[in-house]
Amino acid sequence: MSRSSFSPHASDDGASVASRRSKTEARVDVGSPDFDAEVAASAPFLRGKALTAAIAFVAGTGFTLFGYDQGVMSALLTAKQFEDVFPQVVVNANDPGNHATLQSFVVAIYEIGCLIGALSNLWVGDWLGRRKTIVLGGIIMIIGAILQTTSFSYAQMVVARIITGLGNGLNTSTVPSYHAECSPAARRGSLIMIEGSLITFGIMISYWIDFAFFWLSGSSAQWRVPVALQIVLALVMIVGIFWLPESPRWLAKHGRNAEALAVISALDGKPHTDAGVQQTYHGIREAIAAEAHFGSDSSPLREVFTNGRSQNFRRAFLGVVVQCFQQITGINLITYYATLLFERLGIDDVKSRIIAAANGTEYFLASLIAIFLIDRIGRRPLMLFGAVGQTITMVLLAVLGSIDSSGTQVASAVLLFVFNSFFAIGWLGMTWLYVSDLSTSSRRRLNRHSRMPRQPAEIVGLRIRAPANAFSTASNWTFNFMVVMVTGPSFNNISWGTYIVFAALNAFIVPVVYFFFPETAGRSLEDMDVVFALAYNEGVSPVKVSLRKDVPPAGSPEADEILGITGRDGSVREDASRTGEKA
């Protein structure tokens, strides 16, 4: 049967109407001189590997900016000129007791801006598109950085930190999506782990720049220049994005089909008439048509709270939990307060800054290890390895912190390096990758005759991805704020006991990961659909199913039966989209 015909199994309902409409439009597009001319006119400036590299560079700059902004305040909190302008952050026996809280607040309030920015992207992102949203986020970050650089009061610095966070929240919730939509799915794991490493690269740069300007103790440039330098990274990102095309899926969703096809062609480095390019283009068009038709049945937000074979709620909840776990490990008490922690160990100003910068460098280098291990060892083993190592390290930090001697201080400084290593390997990029792995499939399971999705349930992943990602992102920034906010007062009140708290939290992570987190390595998004559906059908834990070797691959007749798409006789079930999905 030709591509233009529709499935004989499809009933004459909205699905088949959407299918025939999409195919009719496709036949009009393909080979039309006007359409071909429009595609040629819409061709991006770059093509093939050059375009892929440019997208990776701009996305990498965005993540480096994220890391830089996280780390830059670490050494500035105790810089002489910073303390002169903002005496509220000075914490010692001669200052009011609320200074520890005010010090943490000016650092942590940044996370609230990030939370607002990330959640606002739910409606801003689809309205503006990926490129314009990134530009908007970069501009807002520049405004925030200017306000921070020119601050002369504590209140102004707080407001400026919120504004900077707002821009960063827009960027961090857009750049990964843009990069993923313009990259091959086979490289999903390595790309996300590389992005995690670039965050630590930004942290490393900020520490060394802080150290370089520490010597300008007689000028406010000591802290103003390091804060202002994030503008350079934002400008590189903004300028770079103007050379890049828009996401092909966003273009197709907004009816800009010729541009979408031109971008797909450029990304593949092949003519737009190439069979593979055409397949990708029509697949996107048809998925969007099906999503539009079936999207009126219920709200995407409501569908997040359903289970059934798709296990939407379980998967969304795991995404929220894994982002929470990343923060409660305690990594950001080191990232944001590295210099302070080393000074608490009795190390002088200069040495504490050198050690903090070395700590950031080691953190970056350790993060590279995970890139090579992630697909060889798997997600669960690395998360368990990281959590166990982090627990032991925190316990040792608490024990050594209770003993006041030069030897224990040196050992404690070394252990802060060790903690970073465990986290970089087990949890740094892992959480973002795991959330991606748990996403219900956005790709189509196709029948033998039609390129249209056979069931509305098969495009649920497209509809719930935005609210599910919003919940997981909110979890990340909320617990990030909590950890950064309590660190100052906690060390001020219970000192080394703070490490005991984080040791207990890390210990709690271990059994939860072991019993509730399924393994996702080596499985496509479609394969994970099968894993969760099989677990639901058999009434067992998805963890057990994920570790089995007999799970049929997605697309096979056995998998279609597990998913409820076909009956045992192989016939398409017309009610498959409605059975089990609200259980």
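We number each residue from 1, going along the chain as drawn.
Positions of Cβ are set from backbone N, Cα and C atoms, glycine also.
The compositional bias 'Basic and acidic residues' annotation in TrEMBL covers 570-583. Annotation source TrEMBL lists domain 'Major facilitator superfamily (MFS) profile' at 55-521. What TrEMBL lists as region 'Disordered' is 1-25, 550-583. TrEMBL lists 50-68, 102-122, 134-152, 158-178, 190-209, 221-244, 316-342, 354-374, 381-403, 409-435, 494-517 with the feature transmembrane segment.
Contact between the transmembrane segment (354-374) and the transmembrane segment (409-435) holds: at least three of their C-beta pairs are under 8 Å, each pair 6 or more apart in sequence. Same-chain residues lying 6+ beyond the ends of the transmembrane segment (409-435) with a Cβ under 8 Å from its Cβ atoms: 176, 188-189, 192-197, 199-200, 318-319, 322-323, 325-326, 329-331, 334, 338, 341-342, 345-347, 355, 358-359, 362-363, 366-367, 369-370, 373-374, 379, 382-387, 389-390, 393-394, 396-397, 400-401, 469, 472, 476, 517, 520. Counted over residue pairs 6 or more apart, the CB atoms of the transmembrane segment (316-342) and the transmembrane segment (494-517) come under 8 Å in at least three pairs, which marks the two as touching.
Sequence-remote contacts of a segment are chain residues at least 6 beyond its ends whose Cβ falls under 8 Å from one of its Cβ atoms, and for the transmembrane segment (50-68) they are 44, 134, 141, 168, 171-172, 175-176, 178-179, 182-183, 191, 194-196, 198-206, 229-230, 233-234, 236-237, 240-241, 243-245, 266-267, 269.
If you look at the transmembrane segment (158-178), the same-chain residues 6 or more away from its ends with a CB under 8 A from one of its CBs are 55, 59, 62-63, 65-66, 69, 105-107, 109-121, 124-125, 130-131, 133-134, 136-145, 147-148, 151, 192, 195, 230, 234, 237, 247, 432, 469, 473, 477.
Taken as a whole, the domain 'Major facilitator superfamily (MFS) profile' (55-521) shows an average pLDDT of 85 in this prediction.
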